[in-house]
Amino acid sequence: MTRKILVTSALPYANGSIHLGHMVEHIQTDVWVRFQKLRGNECHYCCADDTHGTPVMLAAQKQGIAPEDMIAKVREEHLADFTGFFIGYDNYYSTHSPENKQFSQDIYRALKANGKIESRVIEQLFDPEKQMFLPDRFVKGECPKCHAQDQYGDNCEVCGTTYSPTELINPYSAVSGAKPELRESEHFFFKLGECADFLKAWTSGNNPHDGKPHLQAEALNKMKEWLGEGEETTLSDWDISRDAPYFGFEIPDAPGKYFYVWLDAPVGYMASFKNLCDRIGVDFDEYFKADSQTEMYHFIGKDILYFHALFWPAMLHFSGHRAPTGVYAHGFLTVDGQKMSKSRGTFITAKSYLEQGLNPEWMRYYIAAKLNSKIEDIDLNLQDFISRVNSDLVGKYVNIAARASGFIAKRFEGRLKDVADSELLAKLTAQSEAIAECYESREYARALRDIMALADIVNEYVDANKPWELAKQEGQDARLHEVCSELINAFTMLTAYLAPVLPQTAANAAKFLNLEAITWANTRETLGKHAINKYEHLMQRVEQKQVDDLIEANKQSIQTTPAPAAEESQYEKVAEQASFDDFMKIDMRVAKVLNCEAVEGSTKLLKFDLDFGFEKRIIFSGIAASYPNPAELNGRMVIAVANFAPRKMAKFGVSEGMILSAATADGKLKLLDVDAGAQPGDKVG
């Protein structure tokens, strides 16, 4: 039975270039979609640019153009990059679209009618000159601890202290330079806490299509942390509004209030699909009605699991729509074992890769060969990239056709012999369903290992039968014809197995093989007495110089592109050396979060009630921007400095320690994880 499937990748933000980190997800999705289409399923792949928010608005102002003009230009650039890597969207749209506006407003109205929307008054810093509320990173001033100038409103880049924007000395707006004021504003909240029963059932449930879980095991464990145990829930309500000026969609019946980007961004999946449906005549409602029998899968990065596994399913369900069939998260990309770095030239943009003339299918293959169904980071080792592509694709796969096609063309008028009874081909066809299951379950690394093992068998057959020697021997024409026909058939089967990963090579191979297209049926069927065309070379080797030039090109882009000093490297400068004795003065301990909550009157601080094993303490931490739902941290193990001198936090109370976190390249703060088995009070060092 033909399956009906909607598939999406997370929407790239319209305020930056596409890099290889983005490509991991879109290649993973594209491989899965192409596999489904090869199997004959009706599969629609939709994506879009995520276009709303303060960063887009300010970036457009800086360029002196309208946000609409900027996002249109960025969308063209993004689509060109993805197309260059053969990402085969059925529709690549924009969240700034009439369909998205309508769906966002309709969903909001439905949630409100179901009692899931509530208005509350909150306090925020306000720029009186620009007449806008300021996110923490748009407030600067003097660090209250080390007195460094021009520090951001959430942490000091000189001494590393975290704080609230209200603690800055002589704060000013990074947008206008004006002194900000603390003002009240009415905001709208999605009552996510009331959705806990549904979310507990959905996150732990299985999809009706094949009985597999909606979420990966690692994701489900994280959901259990966020959702709490039993009838209790740790979910906090979600602020879904922002104040004007803001580039986005205005909330119905709330002048000057706009949907927060994370409300209308996932709705962009619906909008992109609706736009496609209207063009090709597909029934949109069949896919999104509450009792839909179709399948819907979201491929995302692990950093946005909260939105896709909790917020989005709840939005859909309580607005009268279906929830996703599956949400599949992947890890991050490192290069040569380290985070991508502009200074080292390993923050590689898709555009630079294409402009340097590297074959995009090399990268598609390498990334796919590293991907599995788990939420694991993958590493692009550049030397391994060269050797694996050259060995697998050129040495094992492409050479099979090159070694047999010439004899078929010259000696047998380009026509194959019927080799349906070949033992060699039987070994290849026997793996069809096993490899299909690997693709279906996103075990691409295993699929490609198995495919290359089959290629090894074929190459062993080449070496054992030596067609170049048969061609020189009298009376061996029939055997030569048989061997070369087996090899061309084997090449066809391998091409079908690799087609989801190498779509352009498969298309070029189809021309050589005189086939309309490669399908999954080619993994099980021989070609018979089929005429083929002249062989054209299908793939070149990767040269070391090409990779070296790529790295240099990305280093050069930093030197020639004006940017703030903070953008020169994604890593902060290493502090002065500390002696061993200095380090030993710091007493770091594991602590369990008993309760975490927002601090009334602060947009920056979270209050942690911690169990250190030997005693309980309260610590304030300036990480509210990174954890908008603080209750999700309840029950988590953290690392804290236990002998840090108590510090009075303005009017909020005394902080009895410091919780350790990592500052990411985009300014977010992430708590450090503790391995399973560690207990409160355990010493870290």
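Using N, Cα and C of the backbone, Cβ positions are placed for all residues, glycine too.
Owing to the predicted nature of the structure, the values given are computational and were not obtained by experimental measurement.
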Motif ''KMSKS' region' per Swiss-Prot - which of 339-343, 524-528, 599-603: 339-343
Where Swiss-Prot places motif ''HIGH' region' among the ranges 12-22, 122-132, 672-682: 12-22
Cβ neighbour count (within 10 Å, all chains shown) around Cys156 (Zn(2+) binding site): 19
CB contacts for Cys143 (Zn(2+) binding site) [other CB atoms within 10 A, all chains]: 22
For Cys159 (Zn(2+) binding site): intrachain residues, at least 6 apart, with Cβ closer than 8 Å: Cys143, Lys145, Cys146, Ala148
For the motif ''KMSKS' region' (339-343), the mean pLDDT of the predicted model: 79
